[in-house]
Amino acid sequence: MWWDERVSARFRRNLQPTLTYWSVFFSFGLCIAFLGPTLLDLRCQTQSSLSQITWVFFSQQFCLLLGSCLGGVFKRTLAQSLFALFASSLAISLVFAIIPLCHNVVVLAVVMAVAGLAMGCIDTISNMQLVKIYQKDSAIFLQALHFFVGFGALLSPLIADPFLSDTNCILSNSTANASSNLPHIRKSLVPHHPGNLSHYDLPMKGMVVTRVSYAFWIMALINLPVPIAVFFLLYKERMVPCFNGSSHPLLSADELAMETRPTEKDDLSTSVQRPHAAGGHDDFFGCCQSKNFRGASYTYFAVHITGALVLFMTDGIVGEYSGFVYSYAVEEPLSVVHKVAGYLPSLFWGFITLGRLISIPISYRMKPATMVFINVVGVLITFLLLLIFSYSIVFLFVGTALLGLFLSSTFPSMLAYTEDILQYRGCATTVLVTGAGIGEMVLQLLVGSIIHDRGSYSFLVCGMIFGGLAFTFYAFLVFFHRMYPKPSSDLDDVSPDKPAIPDDTGQYQR
């Protein structure tokens with residue numbers, strides 16, 4: 001294997017839980033990307049207007065954010081985390097199965113809200129558990145985790161595509177004109193921003209003709225092995241009722257020597273054990289309790305805040321770019337043909353997935369701080385070039401691919417970097433996941449309003465501003481990192497801003 005034997009031994013020791021968390025994140029990706037292309041068919045199924053159906057986007061995104069905030073509640077024990085992941089992944093399969101039965105837009109919004117809560121829990125718990133298992137070696141495994149969400153996000157639109165309606169799926173006498181614009185309307189729909197599509201007269205009454213139900217049932221079946229995998233992990237760990245004994249196999253002598261061998265950076269890990277396995281990770285509201293602030297220096301708060309702000313900007317860019325690049329391309333001055341412009345969001349997500357795959361080996365050789373620096377500088381330079389060559393269709397495609405590559409590894413690298421600064425204490429995972437979710441929701445709504453008022457060119461200007469802010473916040477994070485207290489043997493384990501002794505045995509913690 002291309003990594004060292006210590007990391008390899010730890011991976012072998014935690015193979016089943018690691019693969020399970022990766023598969024659960026595939027569920028997350030499968031659920032996050034299907035709504036856009038299927039929204040018009042769901043509009044027909046619920047016989048609602050364009051403005052009504054786009055609220056389904058909002059219900060999913062808002063509850064995803066809420067689920068991210070609450071996900072840390074289930075981190076207190078491994079059993080709680082796994083049961084929450086089992087319930088969440090099973091809920092996603094049930095949501096896929098139930099969606100074809102929703103013939104009212106309010107019911108559909110409620111079902112998608114449940115999916116959003118499940119996705120938020122998956123996002124927080126999977127990241128948190130991988131960080132807890134691998135700690136200072138977590139960067140490479142987080143990169144792989146986020147590759148699976150990209151893979152799922154690519155797969156679900158491909159599954160849905162053969163079942164999408166080519167003409168308006170509500171048959172009436174007034175569908176002829178609207179049907180010819182159906183591909184354009186489909187690619188222009190973004191969360192609660194129908195934009196300038198309101199002049200299209202899509203009928204709300206008539207005979208519904210759609211086959212999109214088959215796509216959802218296929219995705220429900222594809223996702224079904226994920227909760228089964230989580231259940232098997234629960235069974236292996238003897239957490240299923242009637243099986244409550246320990247099942248941890250003993251390490252071999254060679255593995256034990258490799259896993260517990262002290263290094264320069266973990267001298268303390270061999271002499272003192274952590275008093276609790278949770279490591280200070282908490283839910284979003286638990287992080288705000290005053291007991292967590294006692295004795296904390298300002299750098300403790302600054303690292304959390306600046307790390308979250310970087311992801312607020314970068315994940316916000318992902319949301320706004322994927323949502324509006326098509327609308328930008330078909331407007332003047334580029335006026336790209338609708339069918340050609342439709343490839344831009346797919347190209348963007350494709351290079352995000354490719355970048356996450358490439359980042360897996362790179363993250364083993366490169367520090368997370370360096371990767372984040374390359375990412376934010378790359379995003380800033382790409383937006384600058386997109387502004388300079390704003391009349392070039394070719395560079396729009398090149399820039400879209402570059403943005404996907406630079407944004408691909410930002411979240412896992414930032415998470416690994418921030419957790420490393422805090423010595424795996426505090427609330428970094430929960431705060432960063434929540435900050436990223438807020439950014440993706442808020443910036444998409446903000447950019448949609450600005451484009452509506454100022455025109456399509458403001459799309460790139462907003463991206464440039466967000467990229468500049470991401471770089472600025474990253475510079476502040478590096479500054480606060482240099483001022484953050486370094487590990488010392490005489491520091492106690494009471495204050496959240498004092499480094500904890502990492503549990504570096506590589507064992508799967510209960």
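The backbone N, Cα and C atoms fix where each Cβ goes, and this holds for glycine too.
Positions annotated as transmembrane segment by TrEMBL: 21-40, 52-74, 81-99, 105-126, 138-159, 214-235, 298-318, 340-358, 370-389, 395-417, 429-451, 457-480. Sequence annotations record features per position, and here TrEMBL assigns region 'Disordered' to 488-510.
Of the candidate ranges 52-74, 105-126, 214-235, 370-389, 395-417, 214-235 has the most C-beta pairs within less than 8 angstroms of the transmembrane segment (21-40). Counting C-beta pairs under 8 angstroms (sequence separation of 6 or more), the transmembrane segment (214-235) reaches the transmembrane segment (81-99) with 3 or more such pairs. By the Cβ criterion (under 8 Å, sequence separation of 6 or more), the transmembrane segment (52-74) is in contact with the transmembrane segment (429-451), since 3+ such pairs are found. At the 8 Å Cβ cutoff, the transmembrane segment (138-159) and the transmembrane segment (395-417) share at least 3 close pairs (sequence separation 6 or more) and count as touching. For the transmembrane segment (395-417), the residues of the chain that approach it from at least six positions outside its boundaries are 127, 131, 138-139, 142-143, 145-146, 150, 307, 310-311, 314-315, 317-318, 321, 325, 329, 334, 336, 343-344, 347-356, 358-359, 362-363, 367-369, 371-372, 374-376, 378-379, 382-383, 385-386, 389, 428-429, 432, 436, 477, judged by C-beta separation under 8 angstroms.
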